[in-house]
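J.: Input: one structure, supplied below.
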């Protein structure tokens, strides 16, 4: 699979396979601090 950021708010994963299933975490940092958000990707046929 490949990944790309089409715009600042979206992560697109191309050609998803079962190997891509799992947790993905986005981390944002700046001079004021850090935050993160996680999501689980389930691959279903």
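Glycine is treated like the rest: Cβ placed from N, Cα and C.
From TrEMBL, here are the annotated features:
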- 7-43: domain 'Immunoglobulin I-set' (DOMAIN)
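I would like each feature placed in context: is it buried or exposed, what are its neighbours, and how far apart are things?
T.: DSSP assignment over the domain 'Immunoglobulin I-set' (7-43) gives 3 helix, 24 strand, 10 coil.
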J.: What mean pLDDT does the predicted model reach across the domain 'Immunoglobulin I-set' (7-43)?
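T.: Mean per-residue confidence for the domain 'Immunoglobulin I-set' (7-43): 90 out of 100.
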